[in-house]
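Everything below concerns the one structure shown next.
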């Protein structure tokens with residue numbers, strides 16, 4: 001069976017008085033040794049550090065003991081007063097008569113109102129402190145509000161400037177995604193050669209205009225005339241025109257062509273015959 005908790009305020013007060021009445025001896029005088037050898041020098045160097053532990057720590061120990069004794073006296077006083085108040089409260093609820101019992105019940109009913117008053121006091125203090133704090137912060141809030149109002153248009157303008165950029169980025173991303181899904185993009189541009197202009201490289205080889213064909217037709221009859229002239233110069237007198245050559249060899253007709261030399265280029269039949277009249 002556990003023993004009931006009991007505190008003896010009288011014994012506690014007596015122990016506190018005894019602790020406070022302790023008398024500590026006076027610390028000895030510093031030790032100093034005369035001499036010049038190494039032992040004397042070592043003693044004079046070591047002893048001050050040992051003596052300082054006592055001389056410096058003793059006042060702190062005395063102060064701690066005095067404080068402990070004072071706390072013990074205060075605790076004994078609290079225990080004594082608490083015991084007295086509890087005895088007085090219990091004596092009010094003694095059931096010696098019916099009137100005393102009813103009075104005790106009435107007193108019990110009145111305790112909640114007292115407790116309410118005790119609880120309401122700290123709450124009112126907290127409310128007052130909150131009101132004072134709010135009053136102190138009010139000027140700062142009022143000072144910050146105009147700054148926020150001035151910064152609001154800048155924030156709206158920044159958001160408006162940022163929206164086109166976001167749209168451009170989204171469009172670029174969509175185009176890149178479509179190109180990736182298509183699998184093939186446009187052919188890359190080729191660099192033009194440094195030796196030929198780009199116009200000559202772009203022109204196909206197989207394309208020949210009608211003007212070029214006409215030029216070729218004009219050149220071929222000139223070559224034929226030159227070859228015939230060379231043959232006439234190297235032939236015998238009997239074979240030159242008018243020198244015994246048969247008439248049918250001279251007169252080939254108005255629309256006939258002169259005989260072509262074996263060295264001359266072949267003549268296209270579809271090409272019209274040019275005039276053979278030359279000026280010497």
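The backbone N, Cα and C atoms fix where each Cβ goes, and this holds for glycine too.
Worth saying up front: this structure is predicted, and the values here are computed from it rather than measured.
Among the features that Swiss-Prot reports, phosphoserine is placed at 70, with the record citing similarity to another entry. Listed in sequence order, 16, 20 are the same-chain residues six or more apart from residue 70 (phosphoserine) with CB atoms under 8 A from its CB.
What Swiss-Prot lists as compositional bias 'Low complexity' is 167-181 (among others).
Taken from Swiss-Prot, the feature region 'Disordered' covers 167-280.
The compositional bias 'Low complexity' feature in Swiss-Prot is assigned to 246-280 (among others).
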As a quick check of your reading of DSSP, tell me how many residues in the compositional bias 'Low complexity' (167-181) are helical, how many are strand and how many are coil. 15 helix, 0 strand, 0 coil
